[in-house]
């Protein structure tokens, strides 16, 4: 991370101070750099130069940024200064100037080092040339990335919760369709942001562009401490459910009364923790072992879903539908629909992944990638639910936390149940492996930038793996496993994720008002972000009334980042004044 000119870096006691451009500057000037996670010093008055005042002071007292380059040439403008034309005059006069907010001290994570690309590659870093990838992400690769992130353990666990809370097959299918459309609306809103600001970073970059560094930092902090660990905890619990059901019902097959009581919760959590521990050991031993295993595990995820489709078609062909596709008995409790919708939305989670590498996508392909991916995933998920209800009676689906196992049993007896449970378990391992991989790299990036102790940024010299990052990610996930269950964790995760999704899309509307001249290669209908934002807000408010304690815990994590942000900002200012301080590095 490059330091600003003339700045002195104290002894490994604090982060490097650097001046960073805002997301707008890069979007307008076509800069090749990504929004980084640099901890930047506060912007000083002498960082800017205008023709009105050689000292760089702001005459109008508004703190607004000087007029920035809005031309189409390819000259290299100085960071933090208005670029000049060929005659040496400041740009922005008569050339479509845009007055942007002051550049943020970008307290964000460098998502280029978080490796949010497909895990199929064995290379530890993406090969870049002149600030861009040598081979842009194609439409097919982008679709594979999003679909691969969305198809996971959720479709084999959430249908039971959705069915229980909605009360009828028709209502459940309608809610799954709505969840897909809502995710699609969010993805289209993100597509506009991704094309207007073609930089890597996703939500954290867009929050910084619209609202400044504090919301962006809070999002990044929440991603490390809650979103990633919470997601890993949910997947681990699902894996534990499936594996324990296989063992428990096999062991007590001759004693139905014992088997009917269900698997002890402690056993499910211990198995989930064991799976997380073994995967952590594998990734700590070898990065290549984790990425190569991901190839095989991804195949199992797709294979399991294909088997569900085939099973449903077989039952449909035989005319043996087990459930009535009606709305009779639908629930009238709004809180239940909120929980059901959060469970379904968690299954669709992953639709924003291409925005984290938006700059690496081939020009103009991001909206196409998103439209193809969301249409395909929504179709697959709705068909999977139809297959479940064709094979299983609604009463069975409602009480099932392992609907894949019950589906296999209803289709082919005990052998089918064991087979499907094994396939789903392997699918969960694949999802958990991928999440742990990206989570540990995100922690490394946070440590490199000084947001957390720098010992978490270190790689094991012998194995060349982020051992400390893996350990921290696993530890946080285990805490969530111990104190949570599937329903409460999905609600917690949903409130955190959709709180920030809401503000990102509100940021899109803010940018449309404040920056109407910003080039937008793709512009979604105005109704799309409005529908998404209003529905997100309704869900969040409803969850606060229906599940106040879980919602409070989620909001605590969402705002917890303000504390380290203020501490870090204060330490950076102290460092700029030359006062020795003790930084975040722990040796």
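Every residue, even glycine, has its Cβ placed from backbone N, Cα and C.
A TrEMBL annotation is a machine prediction, not a hand-curated record.
The shown structure was predicted, so the numbers you read here are calculated from the model rather than taken from an experiment.
Quick look at what TrEMBL annotates:
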- 1-104: region 'Disordered' (REGION)
- 69-78: compositional bias 'Acidic residues' (COMPBIAS)
- 79-90: compositional bias 'Basic and acidic residues' (COMPBIAS)
- 137-156: transmembrane segment (TRANSMEM)
- 168-193: transmembrane segment (TRANSMEM)
- 205-227: transmembrane segment (TRANSMEM)
- 233-251: transmembrane segment (TRANSMEM)
- 263-285: transmembrane segment (TRANSMEM)
- 297-318: transmembrane segment (TRANSMEM)
- 368-391: transmembrane segment (TRANSMEM)
- 411-432: transmembrane segment (TRANSMEM)
- 467-484: transmembrane segment (TRANSMEM)
- 490-513: transmembrane segment (TRANSMEM)
- 525-543: transmembrane segment (TRANSMEM)
- 549-567: transmembrane segment (TRANSMEM)
Highest-contact recorded stretch vs the transmembrane segment (233-251), from 137-156, 205-227, 411-432, CB pairs under 8 Å: 411-432
Remote residues contacting the transmembrane segment (297-318) - C-beta distance under 8 A, at least 6 residues beyond either end: 120, 148, 151-152, 155-156, 380, 383-384, 386-388, 390-391, 404, 407-408, 411, 420, 423-424, 426-427, 429-431, 433-434
Cβ contacts under 8 Å made by the transmembrane segment (168-193) with residues that lie 6+ beyond its boundaries: 159, 162, 202-203, 206, 323-331, 337, 340-341, 344-345, 347-348, 351-352, 355, 366-367, 370-371, 373-375, 377-378, 381-382, 385-386, 389, 394, 501, 504-505, 507-508, 511, 520, 522-524, 528-529, 531-532, 535
Two-stretch contact, the transmembrane segment (263-285) and the transmembrane segment (137-156), at least three Cβ pairs under 8 Å: no
Top partner of the transmembrane segment (137-156) among 205-227, 368-391, 467-484, 525-543, 549-567 - counted as Cβ pairs under 8 Å: 368-391
Winner by Cβ pairs under 8 Å against the transmembrane segment (549-567), considering only 205-227, 467-484, 490-513, 525-543: 205-227
The transmembrane segment (411-432) touching the transmembrane segment (490-513) per 3+ Cβ pairs under 8 Å rule: no
Surrounding residues of the transmembrane segment (525-543) on its own chain - C-beta under 8 Å, 6+ positions past either end: 182, 185-186, 188-189, 192, 334-335, 338-339, 341-342, 491, 494-495, 498-499, 501-502, 505-506, 508-509, 550-551
